[in-house]
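Asks: Could you have a look at this structure, given as C-alpha cells, before my questions?
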Amino acid sequence: MGRKYFGTDGVRGRVGDSTITPEFVMRLGYAAGVTLVGREQLPPGERPAILIGKDTRISGYMLEAALEAGFAAAGVDVMLAGPVPTPAVAYLTRALRLQAGVVISASHNPYDDNGIKFFSANGTKLPDALEEEIEFRVDQPMVCAEASRLGKARRIVDAAGRYVEFCKSAFPNEFDLRGYRIVLDCAHGAAYHIGPSVFHELGAEVIPLGVEPNGLNINDQVGATHPQTLRSAVLANKADFGIALDGDGDRVVMVDGDGELYDGDKLLYVIAASRQAEGRLEGVVGTLMSNLGLERAIGRLGLAFARAKVGDRYVLETMHERGWRLGGENSGHIICLDRHTTGDGIVSALQVIAALIKGQCTLATACADLVFYPQKLINVPLAAGFDWRSDERIDQARSDAELELGEQGRVLLRPSGTEPLLRVMVEGKDGSQVERLARHIADCVRHASV
C-alpha cells in the first residue's frame, strides 16, 4: 500500500492546505483512534486514552481541538499536555501507560506550517504499515461512537514539570553543572519553559534565548536551524558553550566558547567516543547524509557504522535491527536508547556535556580526531510529476561525478519527504571539486525538470 498523507515525519503541510485543516485533522484523529485502539485489549468499561502535545504555533490550538473531536468520536479519551517538546510526549505516553501519543508540530519549519505525528504506547514512532492503515481509514466514512461511549478530555497536571525531572534523571548523579555558563536557544518553541529549568536546576548559569513565543515567531532566526544567533550570544556573553534546540525540541546543535559550530555528526561522535572508552558500545547508526569523516572516525574507534535512510524513525529501526544503542543524524536528531525511546535535544545535550566532564575536555579536543570531508548540499525544486530517477541526463551526471570521486567521495540524490525538492549532495576530500560537481548535477536536475 502506498503512502498518501504521511511523509518521513508524520503528516505535515501549510496550515489551511489539504491536510492541515480542522476537517482533515478531525478525520485523522478519528482514523488513528479507531486503528490504534483496535489493537488494545482493555478491561471491560475502560476507555482507551491518547496524549496530545503541541509546540507554540498559533495553529496548534485549532488543530488540537480538531484532534480532540476526532478521538472523542472514536470513543477515545484525550489527555492534553499543552506545549511540550516532542520527546516529552513520547516519555509521558509511556509513563502514563497510555495507548498512544500525538504531537502537533512542524519541527524546524516556519509558523505557518504544522503537522501531526504519532507515538506508540512504547514511546516510539509508528511503523510505516500502521501509518498506512491510518491513511486508509481517513478516507472511510466516520461512524461516531454511541453517546455513552464518546471520549472525554482533560489536562495533565504539570506535564512540563514531569518532563523536567525526566531530563535531569538522564544526567549522571555524580555530576552537576555548577560553574558553567550556558546559552540556551529554545527557538521560541515547545521547550521554551522547560529547557532553562533543566539546566538551571542542574546548577548552570543559563542565558536563555528564544523563550518568548507569540505563536508566530517559532524558528524565526533562532534555534538549531539558525545557529548564528546562538554563536553571537555565546561570544557576547563569554559562555562556556551554547545549545540550540529546534521548534519541537527533538534536535540539538552546539557552539563552543570560541563560536565553533558542532552539528549532529560531531555531537554523535563525542557521545560515541566517550561510551566506547567505557566499553558500552558495539556500533553507531548514522544516515545517508552522515559525513564520511564521521564514518571513518567511528571505524578508528573500533566500532561498526551503519547508514539508515534519512529520518530519525529509520535510524531507530536500524538501531533495533542491529541491537545498537546509539544513532543520529547530522541535523541534530540523536537517539540514546539507554536514555530515551526517541531523539531528544535536551537529553542529547546532557549526554554530550557528561562526556566532556568525564573526559575533562572541551568540544574542540573531544572532536580532535574527527576530520570532516567537504560536503555540498543543494536543494533543487522539482516540477510536479517529474520522474528524476528515470532521466538519463541526471543519471549520467551522477555517474560521471562518482567516477571522478572514486573512493574518496560519494554522491547522493534524495527527494525531500515533505517538499517538492531533490536534495543533491556531493562529498569528497577536495572542496572545490565537491562544489563543482554538486553544482553541475544540480544544474542538470533544474534543466531536466523544466
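Just so it is clear, glycine is given a Cβ too, placed from its N, Cα and C backbone atoms.
The active site, phosphoserine intermediate annotation in Swiss-Prot covers Ser107. Per Swiss-Prot, the feature Mg(2+) binding site maps to Ser107, Asp246, Asp248, Asp250. What Swiss-Prot lists as phosphoserine is Ser107.
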Asks: Around the Mg(2+) site formed by Ser107, Asp246, Asp248, Asp250, list the extra residues of the same chain whose Cβ is within 8 Å of the site's Cβ centroid.
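Replies: Surrounding the site, in chain order, are Asp55, Pro85, Thr86, Ser105, His108, Gly189, Ala190, Leu245, Gly247, Gly249, Arg251, Gly345.
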Asks: How many Å separate the Cα atoms of Asp250 (Mg(2+) binding site) and Ser107 (active site, phosphoserine intermediate)?
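Replies: Cα to Cα, Asp250 (Mg(2+) binding site) and Ser107 (active site, phosphoserine intermediate) are separated by 8 Å.
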Asks: With every protein chain in view, how many other Cβ atoms are within 10 Å of the Cβ of Asp250 (Mg(2+) binding site)?
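Replies: There are 35 such Cβ atoms around Asp250 (Mg(2+) binding site).
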Asks: Sequence gap of 6 or more, C-beta under 8 Å: which same-chain residues meet both conditions with respect to Asp246 (Mg(2+) binding site)?
Replies: Ser107, His108, Ala187, Gly189, Asn219, Gly223, Ala224, Thr225, Val252, Gly332, Gly345
Asks: Measuring CB to CB from Asp248 (Mg(2+) binding site), give everything in the same chain under 8 Å that is also at least six residues away in sequence.
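Replies: For Asp248 (Mg(2+) binding site), the qualifying residues are Asp55, Pro85, Thr86, Val103, Ser105, Ser107, Gly189, Ala190.
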Asks: If you draw a 10 Å sphere on the Cβ of the residue listed as 'active site, phosphoserine intermediate', how many other Cβ atoms land inside?
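Replies: A count of 30.
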